[in-house]
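Novice: From Swiss-Prot, here are the annotated features:
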BINDING   Gly84, Asn115  anthranilate 1 binding site
BINDING   Gly84, 87-88, Thr92, 94-97, 112-120, Ser124  5-phospho-alpha-D-ribose 1-diphosphate binding site
BINDING   Ser96, Glu230  Mg(2+) 1 binding site
BINDING   Arg170  anthranilate 2 binding site
BINDING   Asp229, Glu230  Mg(2+) 2 binding site
Amino acid sequence: MPITPQEALQRTIEHREIFHDEMVELMRQIMRGEVSDMMVAAILTGLRVKKETIGEIAGAATVMREFSRRVDVADRQHMVDIVGTGGDGSHTFNISTCAMFVAAAGGAKVAKHGNRSVSSKSGSADALEALGAVIELQPEQVASALAHTGIGFMYAPVHHPAMKVVAPVRREMGVRTIFNILGPLTNPAGSPNILMGVFHPDLVGIQARVLQELGAERALVVWGRDGMDELSLGAGTLVGELRDGQVREYEVHPEDFGIAMSASRNLKVADAAQSRAMLLQVLDNVPGPALDIVALNAGAALYVAGVADSIADGVLRARAVIADGSARARLDAYVVYTRQLAVQP
């Protein structure tokens, strides 16, 4: 017998786990709109208070993938997603979006799953729009962009229409729920490799093990000790690495890669225009902490994608494609191509 919403709520109140298969059925009911808003809010609150387990998160992510509009990609070799849970409150420029262009220029295929702003002043979707790209592409258009430019951006509302069912509840609740950590786990292109930033240190090991359960090939899940959901320059970064079916947790520091430490306040922006300006400075090879943090995160993406042998090797490759202009050229090519896609009948 599938678990009922009432039984699920009771479990959370008693701090007992909703098992993986039960969570799958419960999430299907929620995504089909069969559970009342009041009950959805109660269950989400109960899960948050008791703390979601690996099995619960993996079960919920499985259903979100089921209900998504998929991007068909024939060759996933060297494919990577660079994504964060958001919610770290850092208000930095869009580091992961800038790293996307660098990683693509360095030889990775970047299938980035993103949305509008959560923790930064400019989310990945906001940043791409400010750069002139078209973000609301259909799945087949994303596949075409990925094939032609090495970059495919999947705007979450296009690919997860079923999320409209829970959007009003999430908006009214106004607090983090399991859905905040599901987005990065539900890449519509099925990227087998992922660089994921998280907003809490506990999630480093949890999300790495969820990805392991979901069948990912390689992953780096990161949290900076200064609170950033990126590999940080301002402090050490906790890392959960999935490789060869095993999860290993460790800590890295910017000095390990020949990068000077720098406080995150040096990366802060007030709005999308400032974020755009800082991103372009990086791609135009202007030295400073913004370039350093992009090289570090793009280097990690190249490592997890299997292009680089190590993060350090990835950082060198990232700096090279920024310096020779190919990362900036990749941005320009992507903007032009998405505009062409948007006007095609």
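Numbers here mean position along the shown chain, with the first residue as 1.
Every residue, even glycine, has its Cβ placed from backbone N, Cα and C.
Small disclaimer: the values here were computed from a predicted structure and weren't measured.
Just tell me what is around each of these and how deep it sits.
Specialist: The Cβ of Asn115 (anthranilate 1 binding site) lies under 8 Å from the Cβ of Gly123, Ser124, Ala125, Tyr155, Ala156, Pro157, Gly183, each of these being in the same chain and 6 or more residues away along the sequence.
Annotation note: Ser96 (5-phospho-alpha-D-ribose 1-diphosphate binding site) sits in a helical segment as assigned by DSSP. Counting only same-chain residues six or more apart in sequence, the Cβ atoms lying under 8 angstroms from the Cβ of Ser96 (5-phospho-alpha-D-ribose 1-diphosphate binding site) belong to Ile82, Val83, Gly84, Lys112, Gly114, Ser124, Gly197, Glu230, Asn297.
Sequence-distant neighbours of Arg170 (anthranilate 2 binding site) (same chain, six or more apart, CB under 8 Å from its CB) are Leu44, Thr177, Phe179, listed in sequence order. Arg170 (anthranilate 2 binding site) falls within a helix when secondary structure is assigned with DSSP.
All protein chains considered, the CB of Asp229 (Mg(2+) 2 binding site) has 30 other CB atoms within 10 Å. DSSP classifies Asp229 (Mg(2+) 2 binding site) as coil under the three-state reduction.
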Novice: Specify the count of other C-beta atoms within 10 Å of the C-beta of Gly84 (anthranilate 1 binding site).
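Specialist: There are 29 such Cβ atoms around Gly84 (anthranilate 1 binding site).
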Novice: I'd like to confirm something. Which of the binding-site residues, Thr92, His113, Arg116, has a Cα closest to the Cα of Asp229 (Mg(2+) 2 binding site)?
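Specialist: Going through Thr92, His113, Arg116 one by one, the Cα closest to that of Asp229 (Mg(2+) 2 binding site) is Thr92.
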Novice: 10 Å Cβ neighbour count around Arg116 (5-phospho-alpha-D-ribose 1-diphosphate binding site)?
Specialist: 16
Novice: Just counting, how many other CB atoms are there within 10 A of the CB of Thr92 (5-phospho-alpha-D-ribose 1-diphosphate binding site)?
Specialist: 25
